[in-house]
Amino acid sequence: MKRYFVTGTDTDCGKTFVTNQLVNYFSSSAAIKPIASGCEYSENQLVNSDALLHQQQNHLPLEVVNPWRFRLPVSPHLSARADGASIDVHKVADYCLNLQLNDIKKLFIEGAGGLMVPLNEQDTWLDFLKLTRIPVILVVGMKLGCINHTLLTQEVFEINKIKCQGWIANCLDQDMLMLDENISTLEAKLKYPLLARTNYGGKISDICLSSL
């Protein structure tokens, strides 16, 4: 089973939407969101709306899709602390590396927040990637400032020798000035391919998804 870690240039860049689109595009694929904050109680259990989308799409138990759940809608390390818990990045890494799902050929692992979001007092998603070496798919929320955010993310990948499989342009605002020019700028400056594009909540448009 191939595994990909889906991260983004920012919070609310559209990771969950794009991840769901990838699962729709690829047969025999599934998605999980191992850590989620901002959960609410429903039927006597904590539920995160993003993880619930994956669970409903995959028809997997919520405990498989989202084993680490916390209440407050803040950074995972703060939300866990507020719940009297802590996140062990090694346990998260082991879970994501060892999870086996019948008939699934591609597993998309959605992170919470961006690459440098703290999971505990020492570790971030970057440390998770150093442990697992799972290749990354970068979701770029196309908005003002995205070029800077994306190039900074690329710098972190390169310094830490993290493999990025490619990036997806998630077009959030149909009124964004010079949208196509922004995408072209990123294509010229990034060292990994543009895999796909999504337009304002529409279906994913394949550009280079066959490389996954």
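Positions of Cβ are set from backbone N, Cα and C atoms, glycine also.
The annotation ATP binding site is assigned in Swiss-Prot to D12, C13, G14, K15, T16, F17, D50, E110, G111, A112, G113, N170, C171 on the grounds of sequence analysis. In the three-state DSSP scheme, D12 (ATP binding site) falls into the coil class. Taking the Cβ of D12 (ATP binding site) as centre and 10 Å as the limit, one finds 11 other Cβ atoms among all the protein chains shown.
Long-range neighbours of T16 (ATP binding site) (same chain, six or more residues apart, CB within less than 8 Å of its CB): K33, D50, L53, H54, E110. The Mg(2+) binding site annotation in Swiss-Prot covers T16, D50, E110 and rests on sequence analysis.
Per Swiss-Prot, active site is recorded for K33.
Taken from Swiss-Prot, the feature substrate binding site covers S37. Counting only same-chain residues six or more apart in sequence, the Cβ atoms lying under 8 angstroms from the Cβ of S37 (substrate binding site) belong to N48, F70, R71, L72, P73, V74, S75, P76, L78, S79, A80, A112.
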An 8 Å radius from the center of the T16, D50, E110 Cβ atoms defines the neighbourhood of the Mg(2+) site; name the other residues of that chain inside it, in order. V6, K15, F17, T19, N20, A31, K33, A36, A51, L53, H54
With a 10 Å radius around each C-beta, find which of these binding-site residues (D50, E110) has the fewest other C-beta atoms nearby. D50
